[in-house]
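As structure tokens, the structure follows; a few thoughts come after it.
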Amino acid sequence: MEIIMTGLASILFGAGIYNLLQKQLLRIVVGTVLVSHGAHLYFLTMAQLKRGAPPLVVDGVTEYTDPLPQALVLTAIVIAFGVTSFLLVLAYRTYTVNETDNMEELRGSDHE
Amino acid sequence: MIYAVFAPLIFAVLIPFLSRWKEKVHTGWLILPVPFAIFLYFLLHVGPNFEPHMQSVNWIPSLDISLSFYLDGLSLLFALLISGIGTLVVLYSIYYLNHKEQLGHFYTYLYIFMTAMLGVVLSDNVFALYAFWEFTSISSFLLIGYWHYRERSRYGALKSMLITILGGFSLLAGILLLTIVTGTTSIREMVGQADVIVDSHYFPFILTFLLLGAFTKSAQFPFHIWLPDAMEAPTPVSAYLHSATMVKAGIYLMARFSPIFAGDPNFFFILSLFGIVTLVWGSYMAVRQTDLKGILAYSTISQLGMIMAMLGFGTDVALFAAVFHILNHATFKGSLFMVAGIVDHETGTRDIRKLGGLMTFMPISFTLMIFGTFSMAGVPLPFLNGFYSKEMFFDATLVNSATSPFLEAFVVALPILAVVGSIFTFIYSMYLFFGTFTGKYKEEELPQKPHEAPKMMLLPPFILVLGVITIGLFPEVFNQSLITHAADAVFGAENNQDIYFWHGLVPAFYMSIAVVVLGILLYLTKSKWEGIYSVLPGRLSFNRVYDWLIEMIEKVSNKITTSYMTGSLRFYMVLLLTAIFAITLGVLLKTNGINFEVTDVAPITTQELIVATIMAIAAIATIFVHNRIAVILIVGVVGYGLAILFVFYRAPDLALTQLIVETVTVVLFMLCFYHLPNLKKSTTPLFTKGINIIISVGFGLLLMVIGVSAYNSRAFDSISEYFIENADPLAGGYNMVNVILVDFRGIDTLFEVAVLFGAALAIIAMIKLRRDKGAK
């Protein structure tokens with residue numbers, strides 16, 4: 001199963017990167033979201049899947065799933081959320097100010 | 001001693017406070033005691049029974065870098081010049097700069113320089129020496145550019161900095177090699193291992209690097225071009241840095257290392273050759289200048305060349321004369337610069353073509369100038385110190401033994417070149433003196449009506465001229481108490497020379513006479529042969545080379561920068577991703593990191609497969625769908641899919657968080673996308689599209705390879721056991737993930753919250769606060 005999950009994460013990465021390389025702001029934001037999803041899954045997979053019980057202390061259970069990657073991914077999800085919302089609002093403001101969402105048109109002039 | 005070195009730097013910190021009262025008390029008065037106290041401190045060491053001593057403070061012991069100050073004869077001579085002339089220059093500057101100037105800056109730079117220069121001549125540790133060395137370059141840059149609103153000042157400052165810092169790097173390379181070869185960072189220990197250094201493979205590099213450092217700093221041909229432009233600095237600075245002290249740092253370096261290099265015949269040849277060429281070229285060019293300070297700048301170049309050449313000769317007489325001339329040059333050139341500054345100050349111009357006949361207006365300056373110029377010209381009079389060292393120089397050019405036919409020709413040419421250079425020195429000295437003070441007085445050409453300078457302004461040059469005369473009249477007093485010790489240090493053994501005025505009818509005497517006679521003849525007929533300058537140098541000039549180089553560097557770097565700083569986000573992404581891809585794959589291949597043998601995996605279940613398939617399809621679909629609402633929902637599918645996977649993988653907290661975050665994200669997307677235009681069908685050219693596909697697919701595959709390989713290679717055991725075991729006993733919680741976040745790694749979480757807070761603030765700022773209120 002881990003191999004399949006790594007493959008899925010790689011597909012998410014690939015699709016995210018393709019979106020990142022586009023010109024439109026919306027696509028770029030979508031790209032970052034997909035890449036971060038991919039990263040979270042990737043991370044969790046690397047720590048082996050489905051080994052033992054959920055990391056909640058229960059009497060008598062000795063085998064737990066590794067809690068450390070979960071803690072890290074939890075942090076990452078929240079940070080990714082912050083980044084995404086920031087990017088979204090930035091895209092919105094950029095569009096209202098410049099009236100374009102095309103990155104090529106948003107390039108600075110040559111003599112800055 | 002360490003306090004003496006750092007005193008100026010410490011006082012420099014106070015200068016901003018002192019310069020607040022500059023309207024009432026000129027800042028110069030308040031800080032004048034500092035260099036004077038240092039001067040007195042070093043003066044206490046002077047005497048026939050001087051013994052070198054050392055003081056050391058650890059700085060970076062792990063790198064064997066310490067602030068060890070070693071005071072021997074050579075260092076003492078330099079320290080006295082630095083503090084003594086420093087005192088006079090501060091005094092002089094009080095009248096030269098009025099209180100409307102930014103005095104705080106001026107004196108701060110000057111004091112930084114003073115510490116740096118004292119550090120250079122006292123440091124025994126090569127790295128400390130290098131650090132101080134660079135500080136002299138930087139303070140010189142700041143002082144040349146002191147009148148930063150003048151374009152020429154900025155040009156001169158930049159030029160001096162580029163050239164001297166180039167030499168500084170070269171010096172660093174040289175001392176690094178020296179340290180590697182000898183295994184020590186102390187100059188004295190290096191001198192002890194002279195034969196090891198000369199025999200090592202690196203020796204040619206060491207020699208080249210150190211020579212380059214010395215030549216750039218001491219303005220040797222062809223690196224001399226920065227010194228004339230450095231004359232844009234205020235005159236006190238020119239007198240101090242660019243004639244008496246800093247430009248002699250290169251000479252100091254060569255003198256300090258000459259016991260090491262003395263074993264190599266190339267050292268003699270290169271140093272003498274460059275020195276003598278600089279001497280002739282500098283004095284030849286000086287005659288052509290029209291600016292008083294220009295003449296003095298080229299004159300300094302030529303005198304530095306002369307000292308350099310003497311260090312190259314390496315004989316006891318030559319080294320003695322070199323040290324002696326360092327002292328003499330500082331006294332007469334310092335006074336000349338100051339008088340030139342006075343003339344500039346009182347008449348408003350330094351153009352010698354406009355000056356003339358000032359003798360009656362400025363009798364004291366006139367008198368001071370006589371001594372300075374005649375001493376510089378080497379006129380044989382018993383009260384001029386310049387003559388003594390010049391005669392010793394002539395003497396030194398004659399006693400060389402050659403080892404090859406080529407060197408033999410060089411040795412024969414040396415005295416002739418020395419005489420030619422000295423003839424030109426004589427000519428420009430006379431020109432400088434008579435052109436300024438005698439001849440016709442051109443009132444209409446002068447911006448100001450000339451009058452004598454205030455007495456206190458005349459005092460510093462007067463003291464220096466007094467030095468010229470005293471050394472001339474009583475050379476043995478200075479010899480026994482100071483010069484001998486310095487010469488000993490350079491020669492590496494006892495070096496006792498007697499200084500005579502009258503040597504008898506020896507060749508050196510005839511050379512002096514020839515210089516004076518031919519000099520007078522050529523000076524009187526100067527207008528007839530001046531045309532030679534249009535032939536040589538004519539249009540040839542190292543300045544053109546420098547300007548061309550600078551222009552090319554600017555052009556090329558501009559081209560390189562614009563070639564990758566295109567402003568296109570996509571282009572940056574492509575560059576970054578390609579670089580990451582290439583490096584990661586390269587490392588993987590190089591370390592044989594790829595490993596597809598998978599063992600110990602979880603079983604595959606249908607539910608997971610279904611969710612994974614849906615997610616994969618959804619992710620790929622985002623690329624092809626052009627309806628914005630659809631894209632948002634598809635991204636949502638991926639997110640919720642991930643949440644379900646988290647459930648399968650026994651991560652309840654993650655699943656909960658992911659669900660909430662995904663919901664909020666989709667709502668946010670909707671809110672923003674409502675205002676944004678619809679997605680357009682991609683109009684990118686096929687080629688670009690191809691590249692995009694290659695990069696994305698390539699990256700996906702690379703991550704796949706890394707993931708599988710990493711899964712199979714575990715370098716060490718997981719640290720998770722600790723958290724699993726201690727969640728309840730130590731943190732008192734049952735949910736391990738939560739315990740890790742809020743307890744074991746609490747600080748991390750705090751920062752995470754800070755990041756979110758920052759993002760929230762930025763979002764509020766972007767939506768609510770608008771600078772352009774009128775805009776939409």
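Each residue, glycine too, has its Cβ placed from N, Cα and C.
What TrEMBL lists as domain 'NADH-Ubiquinone oxidoreductase (complex I) chain 5 N-terminal' is B:60-107.
Positions annotated as domain 'NADH:quinone oxidoreductase/Mrp antiporter transmembrane' by TrEMBL: B:123-400.
DSSP assignment over the domain 'MrpA C-terminal/MbhD' (B:614-677) gives 56 helix, 0 strand, 8 coil. Residues or ranges marked as domain 'MrpA C-terminal/MbhD' by TrEMBL: B:614-677.
Positions annotated as domain 'MrpA C-terminal/MbhE' by TrEMBL: B:693-769.
If you look at the transmembrane segment (B:6-21), the same-chain residues 6 or more away from its ends with a CB under 8 A from one of its CBs are 27, 30-31, 34-35, 37-38, 103-104, 107-108, 111-112, 114-115, 118. Residues annotated as transmembrane segment in TrEMBL: B:6-21 (among others).
Residues or ranges marked as transmembrane segment by TrEMBL: B:28-47 (among others).
Annotated transmembrane segment per TrEMBL: B:161-182 (among others), in sequence order.
The feature transmembrane segment is assigned by TrEMBL to B:239-255 (among others).
Taken from TrEMBL, the feature transmembrane segment covers B:267-287 (among others). If you look at the transmembrane segment (B:267-287), the same-chain residues 6 or more away from its ends with a CB under 8 A from one of its CBs are 207, 211, 215, 219-221, 224, 254, 258, 261, 294-295, 297-314, 407, 410, 414, 417-418, 420-422, 424-425, 427-428, 431, 526, 537.
The transmembrane segment feature in TrEMBL is assigned to B:294-313 (among others). Counting residues 6+ beyond its ends, the transmembrane segment (B:294-313) has Cβ neighbours under 8 Å at 214, 218-221, 224, 227-228, 230-231, 238, 242-243, 247-248, 250-251, 254-255, 258, 267-283, 285-286, 319, 321-322, 325-326, 329, 333, 336-337, 340, 352, 376, 393, 396-397, 399-400, 418, 421, 424-425, 428-429, 431-432, 490 in the same chain.
The transmembrane segment annotation in TrEMBL covers B:355-379 (among others). Using a Cβ-Cβ cut-off under 8 Å and counting only residues 6 or more beyond its ends in the same chain, the transmembrane segment (B:355-379) has close neighbours at 292, 299, 303, 328, 332-333, 335-336, 339, 342-343, 346-347, 349, 385-387, 390-391, 422, 425-426, 429-430, 432-433, 435-442, 446, 450-453, 458, 461-462, 465, 468-469, 472, 512, 515-516, 519.
Long-range contacts of the transmembrane segment (B:409-435) within the same chain, counting only residues at least 6 positions beyond its ends with a Cβ under 8 Å from a Cβ of the stretch, are 269, 272-273, 276-277, 279-280, 282-284, 286-287, 289, 292, 295-296, 298-299, 302-303, 305-306, 309, 336, 352, 355-356, 369-370, 373-374, 376-379, 390, 393-394, 397-398, 400-402, 507, 511, 514-516, 518-520, 522-523, 526. Marked as transmembrane segment by TrEMBL: B:409-435 (among others).
Note on the transmembrane segment (B:456-474): residues 85, 88-89, 91-92, 94-96, 327-328, 331-332, 334-335, 338-339, 342, 345, 364-365, 368, 371-372, 375, 381-388 of its chain, located 6 or more positions outside it, place their CB under 8 angstroms from a CB of the stretch. Feature annotation from TrEMBL assigns transmembrane segment to B:456-474 (among others).
Sequence annotations record features per position, and here TrEMBL assigns transmembrane segment to B:569-589 (among others).
Sequence annotations record features per position, and here TrEMBL assigns transmembrane segment to B:609-625 (among others).
Within the same chain, residues 628-629, 632-633, 635-636, 639-640, 642-644, 646-647 sit at least 6 positions outside the transmembrane segment (B:655-674) and bring their C-beta atoms closer than 8 Å to a C-beta of that stretch. What TrEMBL lists as transmembrane segment is B:655-674 (among others).
Listed by sequence, the residues of this chain that lie at least six past the ends of the transmembrane segment (B:28-47) yet keep a Cβ under 8 A from its Cβ atoms are 4, 7-8, 11, 15, 18, 71, 76, 79-80, 83-84, 86-87, 90-91, 93-94, 97, 103, 107, 111, 114, 118, 481-482. Mapped onto DSSP classes, the domain 'NADH-Ubiquinone oxidoreductase (complex I) chain 5 N-terminal' (B:60-107) shows 32 helix, 8 strand, 8 coil.
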